[in-house]
Structures are given as structure tokens and as C-alpha cells.
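Heads up, the thing below is written out as C-alpha cells.
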């Protein structure tokens with residue numbers, strides 16, 4: 001006979017032997033999981049946004065007929081408008097669903113920039129390398145000197 005069956009039988013006997021002898025006593029319940037929504041509200045909403053955007057991107061890539069008529073960025077904008085419309089129809093508290101600038105710049109903008117850079121065609125980048133280098137170097141120097149000049153006493 002399989003040793004796992006012996007283990008299951010032993011467990012059943014042990015569980016039956018330790019049962020309450022008082023029929024009127026209620027069994028003690030232990031709280032296993034608690035959810036403090038105020039503490040996880042912001043990361044939860046960010047995850048929901050990212051999951052919705054990722055699922056729409058996956059659907060967009062599988063539905064090749066859509067790419068002929070609608071650009072991917074326009075589809076994501078339409079999904080955002082639809083989500084906002086659903087929240088407005090449900091009379092949701094918009095203080096929960098507002099996007100703060102800190103949240104956008106720390107959590108949402110880096111994946112957008114990474115996606116744009118990763119899927120950029122190499123040929124287009126190298127054909128325009130002069131413009132890219134000009135704007136990056138001149139733009140960086142301009143921002144550095146302007147911000148430095150603004151902070152002078």
C-alpha cells in the first residue's frame with residue numbers, strides 16, 4: 001500500500017481525536033489575511049493600469065486587421081477614455097483614480113520610454129543619427145546651463 005495513504009489516514013485519525021468534545025462551543029477562527037486598502041491603493045491602481053494596457057497591446061498584436069486602421073497609441077488612448085467613462089458611469093470617487101505626477105514619472109514613464117526605444121527600427125535611428133545626436137547633446141547642454149543659470153543667487 002502507498003505510504004501516502006497511511007499518512008492521510010493518520011492525519012484523519014489525529015484530526016478526529018483532537019476535535020471539541022463540547023458541542024456548543026464554536027470553533028476558533030484565525031484571521032489569515034488582512035487587506036489594508038489605504039496602504040496598497042496606489043500600487044494596486046498602477047498594476048491595474050499596466051495590466052489593462054498590456055492586455056490591450058497583446059490583443060492589438062493578435063488582431064492584425066486593427067493595425068491597418070488604428071495606430072497602437074490611439075487604441076491605448078481609446079482604452080483610457082473607455083475606462084474613464086466606465087468609472088464616471090459608476091460614480092467612482094475620482095480622488096482614488098487620479099494620476100499624480102510623481103506616480104507617472106516614477107512608474108509609468110520609464111516603461112513607455114523603454115518600449116519606444118526597444119521597438120524603434122535600427123535603420124530609422126541610424127539614418128537620423130545626426131539629428132538624434134544634435135538634439136540630445138544641444139538639448140542636454142541647454143537644459144544644464146539654463147537650470148544652472150536659474151539657480152544662481
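Including glycine, each Cβ sits where the backbone N, Cα and C put it.
Residues or ranges marked as domain 'Cation/H+ exchanger transmembrane' by TrEMBL: 53-151. Marked as signal peptide by TrEMBL: 1-19. Among the features that TrEMBL reports, transmembrane segment is placed at 43-63, 75-97, 103-120, 132-152.
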Sequence-remote partners of the transmembrane segment (43-63) [C-beta within less than 8 Å, at least six residues beyond its ends]: 37, 72, 75-76, 79, 83, 96-97, 103, 107-108, 111
Within the domain 'Cation/H+ exchanger transmembrane' (53-151), residues counted as helix, strand or coil by DSSP: 80 helix, 0 strand, 19 coil
